[in-house]
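Taken verbatim from TrEMBL:
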TRANSMEM  20-41  transmembrane segment
TRANSMEM  61-80  transmembrane segment
TRANSMEM  101-122  transmembrane segment
TRANSMEM  134-157  transmembrane segment
Amino acid sequence: MTGISGVSGAKQTAVTSRVVPLLLVAPIVSIILLGILFLIVRPLMPENIPIHVGPDGVGSGSGGLLIAIACGIAAVVFAIGGATTKEFFKDDHWFQTEKSIAVGIMSLGYGLIGFAVATILSTVGDTTGSDSSISVGMGMLGFLLTFIAAVCIYIVAFPRAKMTPLG
């Protein structure tokens, strides 16, 4: 077995040292920073924030619960993505499909972090707890933008995938 993407020796060490922080350190730090942001701005947020928009109008719920659920799901997604990527590397099974799976799973976690940050920032200062759907839309926009940014970063940062053999 030659290791990640067929590289060996010093290049293997360089690739591993670049990938490990992306699979372990960055996700943990992002969840911790989200928690710190929430604790700092919590006094400036209403107790209940808009969390969904449906045919009956805007539905609201606990902001703390929404952020906790987003963090919990992101942590699970990061754990699954990190474990999956590590196994692909360990088995030297790093083809285009496997890289796409790893990039997608890890980016999903960051999308959830972006959703939470955008929701927090869009409700700061709204002490009335109005039924505005702005925070719902901003949450979706935050998800989309951070997901796309994470995809771009992981595509470049992960090692180049091997060509899938045909036949």
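Cβ coordinates come from backbone N, Cα and C, glycine included.
Most Cβ pairs within less than 8 Å of the transmembrane segment (20-41), among stretches 61-80, 101-122, 134-157, belong to 101-122. Listed as Cβ neighbours of the transmembrane segment (134-157) (distance under 8 Å, sequence separation of 6 or more from its ends, same chain) are residues 18-19, 22, 49-53, 58, 99, 102-104, 106-119, 121-123.
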